[in-house]
Each structure stands twice: as C-alpha cells, then as structure tokens.
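See structure below.
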Ligand SMILES: [Fe+2]
Ligand SMILES: [Fe+2]
C-alpha cells in the first residue's frame, strides 16, 4: 500500500519502494555526490519537458517533481552544503546563495502547486515557466560554483561518503510526501521568517 496522496496519482499499489520510483540519483551508476546531484538535475529537466506537454498527466508529474525537488534540496542543505563549507570556507557565500535559491525555488513551486485546475493551461504554464526559470538559474549556478568547488576540494572517498549521506536523506524524505502543498508552504514561511524571501 502506498497511502493517499493529495497531489499525485502516480503511485500504484504493489509498486517498487517509493525512492526507487524516481529516476535521477535513484538510478545513477555512481556514489560520487557530484554525479548524484547532476543525475537529479537531469531528471528535473526531463520532468520540465514532460510538464510542458498538455497531453501528459500534469497533476501526477507536478507531484513527482515537487517531491524530488524538495527532497533533493533538503539533502543538499543537510549533508552537502555544510560539508563543503567546512572543506572550502572561501565558498561560504556561494553556498549561502544556493540555500537562498532553494527558497526561491520553493516559492515558485508553491505557486505551481496552488494552481487548482491543471487543465487551465494558461495559468499552469505561466507558473511552470516561472518555476523552470528559477530552477534553471539555480542548477546552472550550483553546477558551476558549488559542484566545481566540490571537485576541487573534496577527494574521491569523501565524495562517495557524501554521496551516500545525500542519498540517504533524499530517499528517506521520498518515502513521505515532502512536496505536498502544506510542507512546501511551511518551507516558504520559514524562509520568509529567515529573511531569505
Ligand atoms: Fe542541486
Ligand atoms: Fe541546489
């Protein structure tokens, strides 16, 4: 049994463990944290393309993207960013900026999740475009600044260790529904209280 989900009809009874229903880092053939993060980024881009298609099940895809985005960002912030801050203190500002961009992404995600009628194409596509723009910007900066800092400052063994820690947090979150509208709303409220938004 997979239990009820408010925002996604994608899960079926008797299916594989929830975290394995996702592509990206779940199926990547590497333990390297850089490779795992890149694999999730490519999965986000695949989901963006599917979400642009009016013939797809947009409600299910939206839920899938939301869960993966929140789990990925939380795992980066819990495991990867703090380790990198220790290894490369000179990157502290870039890392802080990355966390702020996660909050901006969550804010744009919340607006997409709040579109009540996914068949209202114009509204859905406006909100999707805003989310894709915010995320593409973050993915670009993260890959250039933060992941290059990891390549330069963190050795292979530690990158594998970080990869396992990243995946453990990400997959544990994916057993629940981290992208549901209430949780994303809570994350946005917290970011506003911290002055990130
Ligand atoms: Fe990322
Ligand atoms: Fe990120």
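Glycine is no exception: its Cβ is also placed from the backbone N, Cα and C atoms.
What TrEMBL lists as coiled coil is 121-152. Looking just at the coiled coil (121-152), the mean pLDDT is 97.
Per TrEMBL, the feature compositional bias 'Polar residues' maps to 18-27.
As annotated by TrEMBL, domain 'Hemerythrin-like' applies to 34-149.
What TrEMBL lists as region 'Disordered' is 1-27.
Residues of the domain 'Hemerythrin-like' (34-149) grouped by DSSP class, helix first, strand second and coil last, total 103 helix, 0 strand, 13 coil.
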